[in-house]
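Colleague: There's a structure below that I have some questions on.
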Amino acid sequence: MGALGRVLLWLQLCAMTRAAYKLWVPNTSFDTASNWNQNRTPCAGDAVQFPADKMVSVLVRDSHAISDMLLPLDGELVLASGAALSAAGGDSDPACNPGAPLLFRNPDRFSWLDPHLWSSGTQAPGLFSVDAERVPCSYDDVLFPRDGSFRVALGPGPNPVHVRSVSAVGQTFSRDEDLTAFLASREGRLRFHGSGALRVGSQACTDASGCVCGNAEMLPWICASLLQPLGGRCPQAACQDPLLPQGQCCDLCGAIVSLTHDPTFDLERYRARLLDLFLKQPQYQGLQVAVSKVLRDAHTEIQVVLVETEHATGAAGQLGHALLQDAVAQGSVLGIVSATLRQSGKPMTADSELNQSSSGAGLAGGVAALVLLALLGTVLLLLHRSGRLRWRRHEDAEPVSAGLPLGFRNPIFDAIVFKQQPSVELPDSAQKVDILDIDTKFGCFVNPLFAGEAEAEA
């Protein structure tokens, strides 16, 4: 094959291969203010300390005059061209605090799985990536600063991290054997640590419709790293019924358009169409759009996430409906087979927040009542089993003694209630009737208030 043929073949491979890059952002440079506990670089007369038990490689770019330096047990200071470290004289910078040493922050704080620490060099304005795709995907080329110092924690995910290649310290690793040897060397151990594993050699994405990122299993650890500064909790969405796109850690306000496609669909061309025909319109200026291929129910689809970055205005829903109409009108040209739309609810207002808090309070009250009832039942059961509390059936109760009177003694009258009366003779009959012989057993009592009158009449 001639030179021209090789050039044409290389151009064809470049066209077929849609290489994506992820750039590592943080560093362990001596001249980066965020690497020091006072958020400033050392000034003249400062005493500086490095963590004694941490391995770290630190690049020094400028010249510094310091009064004292405590170095780590295992590490290195790399002096760039023109850089120098010298002992400070008697004078110190008035802006410095000579009483407190300047401490180099923990270099192990940077995790591979933290989306904050990566940047995509191919991200156009108005576009963003869901959280799982902000970390290097399996088809990505990973770039670390060529002329900078860094340290990365691998893990703690369950599976090795797979990428296409890793470029670090002036070398590009695309074979596992070469990368493994580098990670085992002192130079590699100064820059990579942790329980996780890193693998290279994955294939680049050659599918015009896009490729699945491959970080679905790592998403819980990605979200843990992302939300660590927030205490592990997502901020509350500013709308009712928010949406959770696939690959995202927290709910969003906006809309999601799901597209099924045929082999003629081109992901990059569809992204460009969104930017040129829709996002440039004034009513959609405040929207952010993420377009990627995701795996759902063993099938792939194109997920278009529309997020309102400012106050909810309904623009995301409007754009979602516009994309549905565009899919109907131009679906055969774009390679779109079907499209569905999901939208979040209305913006959160004071009344809706009050209703949510009231319903939450009611639910909490109901749960608390159930817990109290369960505790009360448990206490009663324990008391019963210990013999301190007894209960009987109604039929097991002792019968009332038959000899006890059914009435009660009245202290005011202090008289016997039932008293035998003499026989009386009815005027219309010669028959005597004994009152005690009547079935009803009537009785009478002597009222002391009228006892005198009764005796007088007698």
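Glycine residues also receive a Cβ, built from the backbone N, Cα and C atoms like all the rest.
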Colleague: Given the ranges 4-24, 67-87, 319-339, which one is assigned the annotation region 'Interaction with CUBN' in Swiss-Prot?
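Modeller: That would be 67-87, per the region 'Interaction with CUBN' entry in Swiss-Prot.
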Colleague: Quick one: which of Cys211, Cys213, Cys223, Cys253 does Swiss-Prot link to Cys239 by a disulfide?
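Modeller: Recorded partner, per Swiss-Prot: Cys253.
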Colleague: Need the cross-check against Swiss-Prot: the disulphide partner of Cys137, picked from Cys96, Cys205, Cys211, Cys213.
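Modeller: Swiss-Prot lists the disulfide between Cys137 and Cys213.
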Colleague: Which ones are near Cys223 (disulfide bond): of the recorded positions Asn27, Cys205, Cys239, Cys250, which have a Cα within 10 Å?
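Modeller: Correct set: Cys250.
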Colleague: Please tell me which one of the disulfide-bonded residues listed here (Cys96, Cys137, Cys205, Cys211) sits closest to Cys250 (disulfide bond), measuring Cα to Cα?
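Modeller: Closest by Cα distance to Cys250 (disulfide bond) among the disulfide-bonded residues Cys96, Cys137, Cys205, Cys211: Cys137.
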Colleague: Give, as a single whole number between 0 and 100, the mean pLDDT over the domain 'VWFC' (203-254).
Modeller: 95
Colleague: Which one is it, among the recorded positions Asn27, Cys43, Cys96, Cys213, Cys234, that lies nearest to Cys249 (disulfide bond) by Cα separation?
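Modeller: For Cys249 (disulfide bond), the spatially nearest of the recorded positions is Cys234.
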Colleague: Looking at the disulfide-bonded residues Cys43, Cys253, which one has the fewest other Cβ atoms within 10 Å of its own Cβ?
Modeller: Cys43
Colleague: Look at each of the disulfide-bonded residues, Cys96, Cys211, Cys213, Cys223, Cys234, and point out the one with the fewest other Cβ atoms around it within 10 Å.
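Modeller: Among the disulfide-bonded residues Cys96, Cys211, Cys213, Cys223, Cys234, the sparsest Cβ neighbourhood within 10 Å belongs to Cys234.
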